[in-house]
Structure formats: C-alpha cells, structure tokens
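J.: Feature table excerpt (Swiss-Prot):
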- 1-23: compositional bias 'Low complexity' (COMPBIAS)
- 1-74: region 'Disordered' (REGION)
- Ser2: phosphoserine (MOD_RES)
- Ser2: N-acetylserine (MOD_RES)
- 33-71: compositional bias 'Low complexity' (COMPBIAS)
- Ser33: phosphoserine (MOD_RES)
- Ser52: phosphoserine (MOD_RES)
- 82-152: domain 'CSD' (DOMAIN)
- Ser126: phosphoserine (MOD_RES)
- 173-361: region 'Disordered' (REGION)
- Ser193: phosphoserine (MOD_RES)
- Ser195: phosphoserine (MOD_RES)
- Ser196: phosphoserine (MOD_RES)
- 214-230: compositional bias 'Basic residues' (COMPBIAS)
- Arg243: omega-N-methylarginine (MOD_RES)
- 303-313: compositional bias 'Polar residues' (COMPBIAS)
- Ser313: phosphoserine (MOD_RES)
- Arg315: omega-N-methylarginine (MOD_RES)
- 316-329: compositional bias 'Basic residues' (COMPBIAS)
- Ser335: phosphoserine (MOD_RES)
- Ser358: phosphoserine (MOD_RES)
- Ser359: phosphoserine (MOD_RES)
Amino acid sequence: MSEAGEATTGGTTLPQAAADAPAAAPPDPAPKSPAASGAPQAPAPAALLAGSPGGDAAPGPAPASSAPAGGEDAEKKVLATKVLGTVKWFNVRNGYGFINRNDTKEDVFVHQTAIKKNNPRKYLRSVGDGETVEFDVVEGEKGAEAANVTGPDGVPVEGSRYAADRRRYRRGYYGRRRGPPRNYAGEEEEEGSGSSEGFEPPAADGQFSGARNQLRRPQYRPPYRQRRFPPYHVGQTFDRRSRVFPHPNRMQAGEIGEMKDGVPEGTQLQAHRNPTYRPRFRRGPARPRPAPAIGEAEDKENQQAANGPNQPSARRGFRRPYNYRRRSRPLNAVSQDGKETKAGEAPTENPAPATEQSSAE
C-alpha cells in the first residue's frame with residue numbers, strides 16, 4: 001500500500017510539476033549558447049554589440065520608427081510626371097503662383113523653390129505669365145503642387161519680366177588697377193604724329209575696320225609715372241594737351257618746339273599734376289603809366305599853388321574817368337589861359353619893388 005500510494009502520489013505530482021515548468025520558464029529565460037541549440041540565430045545588431053559608453057545597450061526599435069517618418073517628409077507622393085501647363089500667374093515678390101495643366105485644366109500651386117532650371121540671366125527664380133512649362137505633380141499639404149519645373153523638353157524657363165536681371169560684369173572692369181585712364185584724345189594725336197626711337201606700331205591689317213579701328217588704343221603706352229592723371233579729368237573743358245608731359249623719346253628733331261629761356265615752349269603750358277591744386281593769383285608787372293599831358297601838368301601845378309603849402313596835395317595815383325577828362329579839356333584850357341596870364345603878371349609885379357628899392361638905395 002505504501003508503495004502504491006507513493007506511486008500514485010508521484011504520478012499525480014509529476015504532471016503538475018510539468019505543467020508548472022512551462023509557466024515559470026518565460027519570466028526566467030536562461031542564456032543559451034549558440035552551440036547548445038541547434039536552431040540558427042539571427043546576428044545581433046551593431047548597436048547591441050557595441051553598446052553605449054555607459055554600458056547600456058541602445059534600443060533597437062526607435063530608429064526603425066523614426067526612419068519612415070523622415071522619409072514621408074522628404075519624399076512626396078508623385079501624382080504625374082512630365083506634365084505640360086501654362087502659367088496662370090506668378091508673383092515674383094512673394095515667390096509663388098499657379099500653373100494650369102493642359103490635360104486636366106487643373107490649377108497647380110507652384111513655388112519658386114520648385115523651379116529646377118531658371119533663366120541664367122535672371123537674379124531670382126520665376127516663371128513668366130502665359131509661359132508654357134513642364135513639371136511634375138506631387139501631393140502637397142493643401143493639394144497638388146508642382147515640382148521640377150523646367151521649360152519644354154527640359155530647357156531653362158524664360159522667367160518673369162518683372163524679375164531683376166543679373167548684373168552685367170564687364171571684363172577687366174574690377175580687375176583693373178585704380179589709376180589714370182589708358183589714353184586721352186589729345187595724346188592719340190600726338191602719339192600718332194610723332195616718331196619715337198625703337199617704337200614701331202604693329203600693322204593691324206584685317207584685324208579691325210571702321211570705327212573699331214579708330215577706337216582701338218595704341219599698343220605703346222608711356223610709363224606709369226607719366227600717366228598720373230585721374231580718370232575724371234577726361235570730360236573737363238580745359239585744354240588737355242597742355243597737361244601732357246612729352247615722352248623723352250619723342251624729344252627728337254622736328255618735335256622740339258621753339259626754345260624759350262632754355263625750356264621748350266610746350267613745357268611752359270604744363271599745369272600742376274595735383275587735380276586739387278589751385279595756383280596763387282600772381283600780380284602781373286605794373287603797366288606803364290602814360291605821361292600826363294601838358295595841360296594836365298599845368299593844371300596840377302596851379303592847384304598846388306592855389307592850395308598853398310599847408311594844404312595836403314591830392315592823393316597820388318588818383319585818376320579821373322576817361323570821359324570826364326575828355327569833357328573837361330576845353331574848360332581846363334580856358335582856365336589855364338586865365339591862370340597863365342595871372343602867373344605872367346605876378347612875376348612882372350614882383351621885380352618892380354626890387355627896382356624901387358635899388359633906386360632908393
């Protein structure tokens with residue numbers, strides 16, 4: 001009985017223990033080596049193998065969930081490709097407009113960032129009103145939008161006429177050193193007329209013709225130290241030839257002008273090189289005063305005699321107007337005659353007392 005009871009109890013307890021074993025297995029998983037289990041196992045991700053610097057393993061499902069969200073934002077659903085349409089209107093300042101599809105007559109929103117090939121001459125991306133363009137239709141937040149906008153067959157778009165053009169850069173304008181202009185009109189004539197040693201201008205047959213040949217600058221240029229004229233002196237009205245300093249090689253026979261005081265005539269007219277220089281006003285030589293007429297000299301003597309020695313004489317250098325002098329000549333002549341008679345009488349009266357005194361003695 002005891003053996004049978006033990007057998008029965010053992011038989012009843014074994015199935016219960018076996019039933020409890022699978023229930024307790026999940027919460028306590030034992031690590032098993034790959035060699036122990038015959039089933040192949042998937043390789044662990046690199047993030048789990050490497051782990052974080054703190055020793056904790058990085059969570060695996062987080063990157064998988066974020067990747068689809070970023071892909072949805074980056075890529076929009078394409079509804080149609082290579083669709084032709086006509087620009088309904090486009091605002092250059094705001095940077096958006098609408099394109100009317102030729103196939104479905106539907107208005108599609110277009111932004112300036114969707115323009116793939118812009119006009120290279122335009123500064124801003126834009127499409128012109130009524131222009132035919134080719135684009136892709138994608139699904140946007142508020143409806144259909146245009147993407148990859150180009151001209152027909154992938155050519156650049158024409159752009160709006162209200163869009164600003166790019167600045168035209170002239171060749172050599174910014175790279176040119178600041179200094180005097182290359183040549184003046186007056187210098188061209190002098191350089192063409194004169195002859196210099198060792199300078200033979202190359203023949204330009206067939207290279208330029210007509211007006212272009214006239215506008216072409218000569219090959220020879222004087223040294224920089226002799227071309228220090230600012231460029232804004234080109235349009236002034238004074239004679240530019242007087243400011244040109246002759247080249248030493250040009251001072252040959254036939255080119256040297258008349259010598260005045262050991263200096264060529266052309267160098268006497270040269271102005272100061274400083275554009276802000278203003279020469280001081282120099283008073284010229286005193287003009288020779290004309291000799292006074294006989295009548296005027298007598299008139300002055302009579303005036304001094306009438307005024308007496310105590311009265312100051314008239315201010316030296318005083319000149320009467322020319323018209324007044326001409327009008328007063330006949331009057332002066334009459335007065336001179338009267339004064340001359342008085343002057344003649346005075347000396348005759350003076351010697352009379354002298355004779356009387358001599359006789360009395």
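Even glycines carry a Cβ here, placed using N, Cα and C.
Could you give the neighbours, burial and distances for every feature on this list?
T.: On its own chain, Ser126 (phosphoserine) has Phe90, Val92, Gly95, Gln112, Ile115, Asn118, Val157, Gly159, Ser160, Tyr162, Ala163 as residues at least 6 apart in sequence with a Cβ closer than 8 Å to its own Cβ.
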J.: For the domain 'CSD' (82-152), provide the mean pLDDT of the predicted model.
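T.: A mean pLDDT of 92 is what the predicted model shows over the domain 'CSD' (82-152).
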J.: Determine, from DSSP, whether Ser126 (phosphoserine) sits in helix, strand or coil.
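T.: SS state of Ser126 (phosphoserine) = coil.
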